[in-house]
């Protein structure tokens, strides 16, 4: 049932996105914003109902907490779906949060905790001060947006006047375009969060450090966290937080078979869902694709460069860490202002035109960084880290592995390719074990399957994929020996070699052939 609901909701919203994009008329009321919020709530609701019908041992602790064991009546359901403070722009939340708010069980405290002060005959803690703070903050963001959007708008970047400025000035203007565009989201999300806090549903328990109530349950954006971000993960994780939760809990983890870790399929499904959910403007996809490679570079930088600015155990900073932080801040902010420009411009030709006017600096930066980490320098850094930080390296790397994608962006496209090959190998092994009752796929079908997983065409001129399988030239798994040996080598290097880090080319397939 949840997948039927998912495809129906996404299909219906896709029609709205296409209609909006086709009309391109500001005078026509656009309902896609509210529809995007409803999709998150209705899709999550369908999974929660589904979980409530399963045996408890089949669910994770988080799923048990969110499960709906008794269907709500129509009034409760409508109250949740059309919850007024967040109906148009979010934040989205699960039905159990709404139900606990209605029943006031949300405000229960532990035996050793002192309850927050409330008004007379009310269980909801006093929320006037935090709600007012959010309202004032939202109004401030609106004021700033009205000022900056007049100075930094799309028309400026597409005009000839833009080229009259120096390169650094043009880059600064691009940064301000992104900042001014974010201001309207900061504003509306602050106002809606304030409304949720005033209603009480923003309550998030008692802070054990201060003993005061927390009101960040439905926080959707951390403006300071974004504007001061020193790496891509901090930048993305502080933006549209509740959408991140929805993608992680109801897409990324749901497409993963029980008992297995999320892999390539989960990442690909999350990426496609996030892209279609946003719409079909080409600018969105330029941002998503480039953002995925930026995440790869950022992860490699954090894994292979950052350890040199920390103590061997990774718990304290060295005296040089401040320089790494400054460089990370500048690189993150300037890179993401370039990456997100198409998200504002929307059109393909307009996006390329504006990118060209700043000489594609972020694309060149990413390409150079990826070439560096694909060179022997990566292995040199890995060995240096292992020598310097042993025996702490393996633990540090394990903590940075298998992060769910932020906003659907793959955090490491290279690793996704390795996982696609590994998943394919496992499927071939499983089919072989079934015996002659299952027809073995041909080399061409395996190639098509791999192309479907990678989302692009591939060529293998170094060997003939189908012939090796037909002639018994493949390994025990059914894959060509080169790929099979590469996979096994990847496993060994991850477990024993270097710093316990992934090798430059884990798949064993010559990069020149792809």
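Yeah, the Cβs are placed from backbone N, Cα and C, and that goes for glycine too.
The stretch that TrEMBL tags with region 'Disordered', taken from the ranges 375-394, 395-414, 415-434, is 395-414. Range with TrEMBL annotation transmembrane segment, chosen from 266-283, 284-301, 302-319, 446-463, is 284-301.
When Cβ distances are compared across the two stretches, the transmembrane segment (358-377) makes no contact with the transmembrane segment (77-96), since fewer than 3 pairs at least 6 residues apart fall below 8 angstroms. Contacts between the transmembrane segment (284-301) and the transmembrane segment (131-152): absent, as fewer than 3 C-beta pairs lie under 8 angstroms at sequence separation of six or more.
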